[in-house]
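Step one of this worksheet: look at the structure below.
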Amino acid sequence: MSAPTLSKSEATPSRTGRPGSNRTDSAREEFMRSVRRNLSAHGFLIGAVLCFSFFSWYPMVREFILAFQKNENGKTTWAGWSNLTYIFNDPAFWQAWRNTLLFTALALLLGFVVPFVIAVVLNEFRHGQGYLRLLVYLPVMLPPVASVLLFKYFYDPGYGLFNRILEVFGLPAQQWLQDTDTAMLSVVIAATWMNMGGATLIYLAALQGIPGELYEAAELDGAGILRKIWHVTIPQTKLILSLMLLMQIIATMQVFTEPFLLTNGAGPEGSTTTVVYLIYQYAFNFNNYGSAAALGLVLLVLLAGFSAVYVRLSRSSED
Amino acid sequence: MTANTLIPRRKREATVEVARPRTLISPAQLGRSRGRTVYWIVFALVVLLFTLVFLGPLYWMVTGGLKTTQEVVQSPPTAFPTSMHPENYEQAWKVMDLAKLLFNTLYYAFGALAFQLIFDVAAAYSLSKLRPIFGKAILGLMLMTLMIPATVLVVPQYLTVLDVPIVERNLLNSPWAIWLPSVTNAFNIFLLKRFFDSIPRELLDAAAIDGASAMRTLRSVVLPISRPILGVVSIFAVVGVWKDFLWPMLTLPDPSKQTLNVGIYSLASGVPENVLIAALTIASVPTLLIFLLFQRNIMSGLTAGGLKG
C-alpha cells in the first residue's frame, strides 16, 4: 500500500482526481448508503429493543419511581422516604432478611460445596460418567411444582418417606416443614436437590481443563490426594469457583418458588418468609406497591454489589 | 519401577486409559490392584447413592401415582404398590384438566421460543455484524438488565402488563404477557452475539459481493452455521417458560389460561394425594423427554454459556 504523506494528500484535491461536484455527490451517496445500512440494522434491532423498552427498561425506571410513591384511595402521590422507613420499621423486614441470609448460608454450604465434591469425584471415574451426569442434571429439568410437591410429600411427618428413612437408621422423627427450627433447612434440601446439577456440570468442565502435569509435579513433591486438591485443583478452578459462588449468592438471595410452594411462603411463625416473598406479600396481598418497590430497591442495591464483582471477574477471565 | 507394576499398567492403558487426560489420582496408583479395588468400591457406592438420590424420588413419584388413596398416605410407606391403579393417571388427567394445562404451557413455551428466535436472533445479528450507530450502547443497556435481580422487577413489570404504556393495553390473561417479556432475555442475545462474532467476516463479505441483502445473508449464511447455538438457545427458551412459576401465576390468573406449574399448584389441595402425584408425574414427562432427547446440546450449552454473562 502506498502511503502518501499528509502534505501530499492535501495538495492533491481528491483520490480520484475528479472535479468537486462529483466529490460531494459521492460523499452524499456514501452518506445515504450509511443511512440505509443503519436503517436496516436498526430494523433488525427494533423488535428486541421495543420488548426491552416496555418490559425491562421501563419497569426498571418504574421500580425507582414506585419506591418513592404511595397510592391512597386510587390517587398516586410522592411519598419521599416514607416507604423505606415503613419497611425498616416492619418487624417482618428483619425476619425476612434473617431468613434469607440463613437460606443463603445453608444453600451455599450444601449447594456450593456438595457439587464441587461431586465433580471432583466424578472426574476421577473412568466409567459411567455419562450416566452419573445425567442423574445429577435430571432434577434441573423437572417442573418446579413437581419436585417441590414431591418433596412436600416426602416431608410429611406422618406418612413421609424421610421420617421412614430416619426411623430405619434409628433416628428420631422430625416435623420438617412444620417446625420453625427445621423448616428452612427442609426448604434448602429440596432446593439443593432441584438445582445443583448445573453447578456440578460446570465444575466438571472446569476440572477437565486442569493440565495433568500439575498433578504429576505435585506428586513428585510427595503430595497426597487432599494436598493435591488444595494446591492444584482449587487454585486452578479458583475463578470458576468464585464466579459460581457469586452467582449462587445472587440466585439464592432471590429465593421464592421453593418456600412459596413448600410452606405457602411464610412457614411456621414466618420462619421461611424470604425477602422476595415479603415483596410478593406487600405487592399482591396488601396492594402496597410502594413498599414492595422500596424493598426491591434494598435487595437490588445489595445484589448490585455482588453483580459488579461478578462482571469484573468474568471480564478479567476473558482477557 | 518393577515389572510387577508395569504389567497391569500396560493392560489398563490398552483398555480404558486411551487418550484420557491425567486427573487427580495418578494412573499408576489406580493401576495397582489395591487402587483398583478402592476405585471400584467408590464407584459402586457413588452409582448406588446417585441412583437412590436422583432416581429414587422419581421412582417414588411414578409408583405413588399407582397406589390407592389409602396406601399412598400409609405409614410406614410401601416400596411397591400392593395393587396397581393406573386409573389414577386417567383421573388426574381428567380432574385437573391436564390436557388444557399442557396445551397452554406448550402454547406459551413455543410462542416464546418463536418470538425469541425472531427478535433475539435479529438483534444479535444486527449488533454483531451490521453494527449500527448506538449499537454498543443498546447492547450495554441490554446486558445491564442482567445485573438487575429478576425478582425485583416483577412488581413494576406486572404493573406494566396491567397497563402497557403508549398502546394502553391490558395483557393480563393474554399469552402476550408471557411471549413479549420472554424476548428480553439478554443472556440469549449475548450467547447469540458471541457466536455470530466468531463467524468470519469474509463469509459475509462474499455474500454481500454476490448482492445478498442483510436479510438474505442472515438466512442463507449465518443461520445455517449457527445451528448449535440456536439449538441451545431454543432449549433454554422452552425450558425457561416450562419452569417459570411466579410470572405466569401473576399474569395468567384465569384457571383456563394457566400453565402446568400454576394449575397443578392451585388444584393441589383439592385432590387426593395419589391423584396429585400422578399429575406431577405427567407434568414431568415432557421436560424429561426434552432432556433425554437433547441432553448433549443442553449440557454443552450449559458449560459453554453457563459462566459468562
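Every residue, even glycine, has its Cβ placed from backbone N, Cα and C.
TrEMBL does not curate its annotations; it predicts them automatically.
Now, the feature entries from TrEMBL:
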COMPBIAS  A:1-24  compositional bias 'Polar residues'
DOMAIN    A:97-310  domain 'ABC transmembrane type-1'
REGION    A:1-27  region 'Disordered'
TRANSMEM  A:39-58  transmembrane segment
TRANSMEM  A:101-122  transmembrane segment
TRANSMEM  A:134-155  transmembrane segment
TRANSMEM  A:183-206  transmembrane segment
TRANSMEM  A:237-256  transmembrane segment
TRANSMEM  A:292-313  transmembrane segment
> Are the transmembrane segment (A:101-122) and the transmembrane segment (A:183-206) close enough that 3 or more Cβ pairs fall under 8 Å, when only pairs 6 or more apart in sequence count?
Replying inline: yes
> In the same chain, who gets a Cβ under 8 Å from the transmembrane segment (A:134-155) while lying at least 6 residues past its ends?
Replying inline: 118, 161-162, 176-177, 186, 189-190, 193-198, 200-201, 257-258, 261-262
> Against which stretches of its own chain does the transmembrane segment (A:237-256) lie, if we need a Cβ under 8 Å and a gap of at least six residues from its ends?
Replying inline: 100, 103-104, 107-108, 111-112, 116, 187, 191, 199, 202-203, 206-207, 210, 274-277, 280, 299, 302-303, 306-307, 309-310, 313-314, 316-317
>> Can you tell me which parts of the same chain pack against the transmembrane segment (A:101-122), counting only residues 6+ beyond its ends and a CB-CB cutoff under 8 A?
In response: 129, 132-133, 136, 184-185, 187-189, 191-192, 195-196, 199-201, 203-204, 206-207, 229, 233, 241, 244-245, 248-249, 252-253, 255, 259, 274
